[in-house]
Amino acid sequence: MREPTNRQGSPGPGEPRPPAQGRPRFPTWILWVALLALALWNVYTFFWPSSGARLNIPYSAFIQQVEGENVSSVTIRGQRVSGTFTEEVRVAGDQVLSPGDPVPPGTSPNEIRTGTQFQTTIPENSQTELVPLLQSHGVTVKIDQAGGSVWPSLLATIVPLFLFIGLMVYLGRSMSRGQQNVFSFGRSKARVYDAERPRVTFADVAGEEEAKAELSEVVDFLRNPMKYHAIGARLPRGILLVGPPGTGKTLLARAVAGEAGVPFFSVSASEFVEMFVGVGASRVRDLFERAKASAPSIMFVDELDAVGRQRFAGLGGGNDEREQTLNQLLVEMDGFEPHQDVIVIAATNRPDVLDPALLRPGRFDRQVTVGLPDRRGREAILRIHTRGIPVADDLDLEELAAATPGFSGADLANLVNEAALMAARKNKKIVERIDFDEALDKIVLGTERAMIMSEHDKRVVAYHEAGHAVAAHFSPGTDPLRKVSIVPRGQSLGVTIQAPEEDRFNYSRAYLLARLTVMMGGRAAEKLVFNEMTTGAQNDLKEATLLARRMVGLWGMSDEVGPVYLGMGEQHVFLGREIMQDRDVAEATLERADEAVQRLLREAMERAEQLLRKYRDKLDALAEALIAEETIGQEKITEILGAPPVPSAAPAAAADSV
């Protein structure tokens, strides 16, 4: 299946601009190093204009040293004169001290400098008089004509100034970009899939024919909007895809965009909400503006319940930021201009928690149920996912679809991928049915565990699973057995798998009672054979109790309570909602319901014990076979137990594990 290439949308409306790639960026550290070096150089030249060994002396002291024959050479650079004394001198402030001269009072030792290198500044137009004086005293004179140029000092002043200005401009632009980044929190993060990209079509979607038929009307509207506008028809502004996880809600939305050939804006509802208050509402506005600018277009919001959850539900009040986002979404959806040609498609697997204002006509006024595929749908999905995989010629996808009841499209895709991994691990060139069987066991039961068990524990587990199998085989109306194993997988020490012959969507009381009997078969076998009870029945008791509570409190299948709905056995996602809801049931009724649950479980235990005592020889034979072979398939089970007394019905699959 081809997926459309996704790219980030641009901040503004219209055609998105892909981000620049490979754009050279100036290394900012070079600018900082250069600026620091120039600053240090200017500071150094300001405080130490020449080498640190040169003594700054007044011009008058310089003339005294020349007349005293203590100057050997000088270099004249404009008005700056530097040179070398014949003998070392001391300088205290502005005075040059000859050897033997006293130090002026009040002069600290740190203020006295000594050396032979000096520099001074001569008055203007004094060079013509100075040179003959120097020559008359035998001083070597060097004239540096470049020293009179103003360019070095000019450059030393201008270059740092321009560098400083450049740095300020750069920092200003960086701050501007930073402000844009701050304000970009309000930009939508929607990904855009346009018509020029590889697209998903309805041919890539299988098992949801009813949903595809519903959405084909949307496709026709986007292709031929004038046909609907001409007669005054208006397409639903919002379409809500409802279904369990993994059933293909997002894939259906992409298929609608691919069939219609219009821009497709995809965003997760959780991306609307950020740490800053008001960002979510701003992103909603931005997303709708972009979608309107690209009309006709499709806007897809995944996991709508992240922001569309009912306001002020549960304890502790609501979330102000999320509710602001929801309010903005409500306003935008109800504020479309007529015939805007923008369709909002959203997906959720929790429609029961959505705010009622979202579901009213004018917003999400059409709901499309995307349920689990049936047997034919699973076969079609398997054909799509095996198109690019070399499978064995004798692989029966119809039979494989029958062995995977309750699997969603995502589950089937995972099954095909796991089977391919199994085959690759064995260095096979094609994927065979045994690879699919191993992948199915791994997904449903978990990975095999290398576990060393004592002979007694192994025997207990074998009889436990054999008890489930015998109860399932000889209880009328149960699902046929597919496999029994005492190989530890996942959290279980063993497993008994029952596979249905057909999909069933309605369950009778007789079938549910038989299921309770099968669940109690493991504990009954432990009591019958070992006269002991183990912790291996924990999961069986949990599932049996939950099923019995539903039979009594949800489906009205007990004589003590009668046909009444008590809400027992329901799963409450929000703790606050469960605590705050009213209890319209009397305590006496709840007590009778508990007694009815206990009676159902006791009777199931008695039926299981009767079956195992009646077929004790079958129980022993199956347990010994499990101890010897660890895993027994359907043919071996039939060989040991024989044919079931009554043809089995076709309910949904089940697995009982220790």
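Including glycine, each Cβ sits where the backbone N, Cα and C put it.
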One of D365, D374, D540, D559 listed by Swiss-Prot as binding Zn(2+) at the site of H464, H468: D540
Residue distribution over DSSP helix, strand and coil in the topological domain 'Extracellular' (50-149): 26 helix, 39 strand, 35 coil
Rounded distance in angstrom between the Cα atoms of E465 (active site) and D540 (Zn(2+) binding site): 11
